[in-house]
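Engineer: Okay, these came from Swiss-Prot:
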BINDING   ASP44, GLY45, HIS49, ASN114, GLU115, ASP144, ALA152, SER155, ALA156, TYR157, ASN158, LEU159, SER160, GLN216  NAD(+) binding site
ACT_SITE  ASP44  active site, proton acceptor
Amino acid sequence: MNINKIALIYNHNSKHLAIIEEIKKLYNYCKIEEAEVIIVIGGDGELLHNIHRYMHLNIPFYGVNLGSLGFLMNPLDTKKLLQNIHESTVSILNPLLMQVEDTSGQIYTALAINEVSIFRKTNQAAKFRIEVNGIERMSELVADGALVATPAGSSAYNLSASGPILPLESNMLCLTPICSFRPRRWHGALLLASATIKFEILNTNKRPVNATADFQEFNNITNVTVKSTKDKPVKLLFNKNHTLEDRIIKEQFGG
């Protein structure tokens, strides 16, 4: 990959400003709108926020990890930064499109790179009905919540909720309950990426529910529809010896 123009994004309140200043001195950077690659320094959260902010530009993102986990990031190598970008591999992520309706009848849409989640707002468990492609698959799930995860997001919140990890090219989605009470032994479902999943919230007055698309939260919802979209693909760059697919495989063996 031949790259001449790169933009740099970082948190100006970062505790790693000394390292960031070193990177800034080594290379020349351009405006984000003019870039061929956007470098994001920080952790997964910083990267996700900036993907949402700039994904409309259709510019590849290269994350440099100065956070904790950094699953979507690359290890810091200041002097080989440009070389690693030139030699990087591209992973295409298709986000989830979430549409929610709240108790006032307002409808909102949002995109998620990792997952869409719905969860109880009070101490009482949520109750909801699940449809897949217009067919009722569960008349009542009683749980703390549920989530739909992309392959890239399957090793995040989904894994913590005991959902399976999906290979990046699997063309599937995870539907995973969060602390399911009834049916107690239901552990979720694997669905084709073309599926449309709908959650209808039951007893919203007594058991209010919120929904999130990554970090965007919506309150007091009555229904949520989730589907994958190929209209807004996200390009992530990874070092050739540290690809996202390799990381996903490693996670499945406890790595």
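Glycine residues also receive a Cβ, built from the backbone N, Cα and C atoms like all the rest.
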Engineer: Which of the listed binding-site residues (ASP44, GLU115) has the least company, meaning the fewest other Cβ atoms within 10 Å of its Cβ?
Structural biologist: ASP44
Engineer: Give the sequence-ordered list of residues that share a chain with HIS49 (NAD(+) binding site), lie 6 or more positions from it, and have CB atoms under 8 Å from its CB.
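Structural biologist: Expected: PHE215.
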Engineer: Would you count the other CB atoms within 10 A of the CB of ALA152 (NAD(+) binding site), including those on all shown protein chains?
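Structural biologist: Neighbour count, Cβ to Cβ under the 10 Å cut-off: 24.
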Engineer: If the NAD(+) binders are ASP44, GLY45, HIS49, ASN114, GLU115, ASP144, ALA152, SER155, ALA156, TYR157, ASN158, LEU159, SER160, GLN216 per the record, what's the largest distance between their Cα atoms, in Å?
Structural biologist: 26
Engineer: Within a 10 Å radius around the Cβ, which one of these binding-site residues has the most neighbouring Cβ atoms: ASN158, SER160?
Structural biologist: ASN158
Engineer: Applying a 10 Å Cβ distance cut-off over all chains shown, what neighbour count does ALA156 (NAD(+) binding site) have?
Structural biologist: 24
Engineer: Please report the DSSP secondary structure of ASP44 (NAD(+) binding site), reduced to three states.
Structural biologist: helix
Engineer: Can you tell me whether DSSP puts HIS49 (NAD(+) binding site) in helix, strand or coil?
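Structural biologist: Where HIS49 (NAD(+) binding site) sits, the three-state DSSP reduction gives helix.
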